[in-house]
Amino acid sequence: MTSSRVENSSSRAARKVKLALMGPAFVAAIGYIDPGNFATNIQAGASFGYQLLWVVVWANLMAMLIQVLSAKLGIATGKNLAEQIRDHYPRPVVWFYWVQAEIIAMATDLAEFIGAAIGFKLVLGVSLLQGAVLTGVATFLILMLQRRGQKPLEKVIGGLLLFVAVAYVVELIFSQPALAPLTKGLVIPTLPNGEAVFLAAGVLGATIMPHVIYLHSSLTQHLHGGTRKERYNATRWDVAIAMTIAGFVNLAMMATAAAAFHFNGHTGVADLDQAYMTLEPLLSHAAATIFGLSLIAAGLSSTVVGTLAGQVVMQGFIRFHIPLWFRRAITMLPSFVVILLGLDPTRILVMSQVLLSFGIALALVPLLIFTSNAKLMGDLVNTRWVRGIGWAIVAIVVSLNGWLIVGSLLGVD
């Protein structure tokens, strides 16, 4: 009887530790459903129906492994990826890494900020510039939560992630995708033409986020409670749950676009405004409004995550710190420039996702090297299988980027 009570008590304690350690992956996962995903997935679904769903599936599985490795690095070493690169690489390489990581973070933030501004424009009927001002104010307010510690921010961002997921459950109900072709698109790889390759690279860039690779290792490096092994096991659950939700949202985005647009003859839907306007007569005003609200939620939460990632990158690589509000103010500027110049915001969103795909390998190569180093990682070092899969992911990413560059230069369609 006594031993049974002890076992129950230890089991409850283990569950408490696991729950206490949940959260960082939800912050990371919000980066996987930013407005760049909306733009890329809608364009892919409208243009090719369900044919590119398999890209989302495989990209999400890759992202799960990558986020586990990133989180594991922080747990095992007490340092984030940027700090490890700074400590182990020559100074010119470190500066190169810092510059490209900042560019990637700014490209990400551009997509996220403009996406939220478009959401405000669609739902409230304001101008895009007014939507950008509302986005700026809202992100400043969310970032103020950081003063109270990491947990309150994790809860707010996790709540926004769940809101977007529920919104897309509703969108799927409205759009009623056909199950047979949807299932075929999930399991049978196909790239019909050059545009499909471009969009596949965009989906990859939108699904595997370089700035979040840096951020996740920072979110776990100061975790306390339980043993190192318990922290790692809790983190794996954290990643599995959060990334499954993010993966579902991405699949739902593309499937909804395919069902609502592609199979109703609207294959040219290529921007978020057009998607909103087309959804209303095809499905309902409620479906269009839910789309707009989910875009706002995704944009606000992901732009906050982008700001945090930029801070981690700067502090980690060059040991330089600026206040979060100042970084937020600086990184808003490109978005306002794009809006004031009247550039196509959705095209900017899709292009930013393609740019992101070029930063994946640069973040992933050192991550694999460090997490495969037994001296650094101890008992959490990568197994041979994980190393093999990791390098295969690098090869896939580099090959897709190479194909994209060659196709662009030669004008292949």
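Just so it is clear, glycine is given a Cβ too, placed from its N, Cα and C backbone atoms.
Features as listed in Swiss-Prot:
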type	residues	note
TRANSMEM	19-39	transmembrane segment
TRANSMEM	46-66	transmembrane segment
TRANSMEM	94-114	transmembrane segment
TRANSMEM	122-142	transmembrane segment
TRANSMEM	156-176	transmembrane segment
TRANSMEM	196-216	transmembrane segment
TRANSMEM	241-261	transmembrane segment
TRANSMEM	290-310	transmembrane segment
TRANSMEM	329-349	transmembrane segment
TRANSMEM	350-370	transmembrane segment
TRANSMEM	389-409	transmembrane segment
Does the transmembrane segment (290-310) reach the transmembrane segment (46-66) with at least 3 CB pairs under 8 A, where each pair is 6 or more residues apart?
-> no
Taking a Cβ cut-off under 8 Å, which residues six or more beyond the ends of the transmembrane segment (329-349) line up next to it in the same chain?
-> 35-36, 38-40, 43, 105-106, 109-111, 113-115, 117-118, 128-129, 132, 136, 270-273, 306-307, 310
Near the transmembrane segment (196-216), which same-chain residues lie under 8 Å Cβ to Cβ, leaving out any that are not at least 6 residues past its ends?
-> 24-25, 27-28, 31-32, 34, 36-37, 40-41, 43-44, 47-48, 51-52, 55-56, 59-60, 62-63, 66-67, 70-71, 74, 80-82, 101, 104-105, 108, 190, 250, 305-306, 308-310, 312-313, 316, 350, 352-360, 362-364, 367, 397, 400-401, 403-404, 407-408
The answer for the transmembrane segment (156-176), taking Cβ pairs under 8 Å and residues 6+ beyond its ends, is 23, 26-27, 29-30, 33, 142, 145, 242, 245-246, 248-249, 252-253, 255-256, 259-260, 283-284, 286-287, 290-291, 293-294, 297-298, 300-301, 304-305
Please check if the transmembrane segment (94-114) comes into contact with the transmembrane segment (19-39), where contact means 3 or more CB pairs closer than 8 Å and the residues in each pair are separated by 6 or more positions.
-> yes
